[in-house]
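Per TrEMBL, the features are:
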COMPBIAS  52-64  compositional bias 'Basic and acidic residues'
DOMAIN    629-693  domain 'CBS'
DOMAIN    741-802  domain 'CBS'
REGION    1-71  region 'Disordered'
TRANSMEM  121-144  transmembrane segment
TRANSMEM  165-191  transmembrane segment
TRANSMEM  211-237  transmembrane segment
TRANSMEM  281-305  transmembrane segment
TRANSMEM  311-331  transmembrane segment
TRANSMEM  369-389  transmembrane segment
TRANSMEM  493-511  transmembrane segment
TRANSMEM  517-538  transmembrane segment
TRANSMEM  545-570  transmembrane segment
């Protein structure tokens, strides 16, 4: 280390950049880390150059090799927009940090035990409501899909029994076309953010990335009805992914803290007007969505823990468990009601969707060899699926950018292709005589069953139609069925696997709510049956069990989830003896697939441009320090600041955080007071209680006039904006004391801290701003601010184009 604390081996040299000192039209997402220096924020010599040295401290580094890196700061120009659903919209960071200003401290000192009790009771009441509503919505989705799709299939089957095959196709394809067009229309025109599964968006939100439309009420509406229409239209997609998004939307709606606009604000609900409590509720909502979709309460908790949430604690575990338990109780009660036949074509199913408990699973060494083969196949197919899906989604994004009509046209095109495959491919299969010992009626009369008649004569069935000409849930049930080793011909399974694999790829990405779980389970179960049939001579396992293991292997290969998928499949099938085999096949498939690419949801997060903070820092970050990536120059406010300066800063930048620095004569030397947020400044300016002279007050006026909840974050509404405020020339020349609303204990790191450590700290604490302070005392008190985008690889690469991440990764692995 040298005298200034610098490493003797400097990081890769960042090239000189041409900085613009009056480019006010470029806005940064989180503030503080990339603004042009305003003319009003000048030091004693009145020069912008002095401000530049003040903010980045580059002139005092003492290391000649580092000076070019920090001499001129440019703005962080990484994207402030991302794709949410099928819509491009602006994004911003969430702030899970407690703002410890004078108002907060006064509120906690004055809070009574009764208010604390109200908060605890209300939080448990809200998670109860989340469970109730998500369970009801999940049941409603199933009920609507089974009846709409069932009526369509019955109508088509009746026409086929009369020999009107062409008319049956037009009825079948026409129904699918109308349903698909309706789903695409409401999605494209009402809530484009509802397209897709929504799991990447929920993951990003729980990681700290927000966009207004992610969890809006309109998104919830379209997610529910668009999912019903899309699944009923016969698309190779599921309603399970959208249910996760639906549960999160319900939780967000309940956690808004009421609505001032519609006079629905309750004093009790004000406790939840912050990002921390909303994060907990939305985590519970995502777990409830999985529980409602798969009827798997424990699997829902594990899904939230393993895949969705970026932050976890024991109290949250209890709440998610309680929420999913409520979902299970609601579903059981409603399904019991349907056993009386009052739910139309819903059927008489229970919480166990695909019961395999009657199968005796005894396995030996040859069976383990077959399972290892399944795991390897699942890893290869999963990696290939993710690779192809990434390419297809990039093509679809170009089409979707053209507008809503093109989104609808793309959806209609995929609907026509799907209808042609579902109706046309079964004609390639030969009719098979009904088995003498068939447990079910053969051929099937009605909408569902293992033995679809299709075009076959009496006493025969079409095995390919039993898979295609059904709802996706019924097709999975047929593949999982035990004691049916000769039901499906090998050629039919190959055709079905190829079609489902390809249709699953081209369907995901159209402008309808769509999940990936069902296509992946269908394709995996199909090749699982193929492997089980081919290896039947060396394995004693039932083909239905091979189908279950194949589905698990493909899920592990695409989504890279292990624990949650394992438990979900066990709860789906009620087949606990299969636990060791499921664990083995999931671990193998995930290990194989990880050598090719990331999980499908992680890939989509990156493709959408969502600035997701990983749980681990990249190896090359160890070779950089926090001071290397902070952008600037930085806008700071004095503890007692001129109103005009604040207004100009808010109007000309999009920053959401500003350091507050006390300067002489208030203090003997410049001193960092803390951080003040844009929303708090707007509330304070809106009160228009200013001072004519610049002096530090006791803050008693602010403490008397305002409460902590006056500065609480608004709901899904837009909140107060600087454009809504007007000031006279006299007011612009007045002063306002920022001390009472300044967070006096923000998280700070020294400029020489490893960027890897700073990234871990930023992510684990759920921060929006991380202040960087100088290492030496003879410097101005603030170097810069780290925000989420400063940790993004694109930003770091733009600063250090010669940085070779692969080289550092290899060196790290070698060490």
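Every residue gets a Cβ built from N, Cα and C, even glycine.
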Subject >> Contact ranking winner - 211-237, 311-331, 517-538 against the transmembrane segment (369-389), Cβ under 8 Å >> reply: 517-538
Original post:
How about the transmembrane segment (545-570) and the transmembrane segment (281-305): do they have 3 or more C-beta pairs under 8 A, pairs 6 or more apart in sequence?
Top reply: yes
Subject >> Surrounding residues of the transmembrane segment (211-237) on its own chain - C-beta under 8 Å, 6+ positions past either end >> reply: 82, 84-85, 87, 89-92, 137, 140-141, 144-145, 148-149, 152, 175-177, 179-180, 182-183, 186-187, 190-194, 198, 201-202, 204-205, 243, 245-246, 248-250, 252-253, 282, 414-415, 418-419, 422, 471-472, 500, 503-504, 507-508, 510, 512-516, 518-519, 522, 716, 718
**OP:** State the residues, same chain only, that lie 6 or more residues beyond the ends of the transmembrane segment (517-538) and have a CB under 8 A from a CB inside it; answer 'none' if no residue qualifies.
**Re:** 236-241, 293, 366, 369-370, 373-374, 377-378, 381, 385, 467, 472-473, 475-476, 479-480, 485, 488, 490, 493-494, 496-497, 500-501, 503-504, 507-508, 544-555, 558-559
Subject >> Long-range environment of the transmembrane segment (121-144) - Cβ separation under 8 angstroms, sequence gap at least 6 >> reply: 224, 227-228, 232, 239, 243, 246-247, 250-251, 254-255, 268-269, 271-272, 277, 280-281, 284-285, 288-289, 291-293, 319-320, 322-331, 334-335, 338, 343-344, 346
Original post:
Across the domain 'CBS' (629-693), what is the average pLDDT of the model, as a whole number?
Top reply: 87
Subject >> Structural state census, the domain 'CBS' (741-802) (DSSP three-state) >> reply: 23 helix, 12 strand, 27 coil
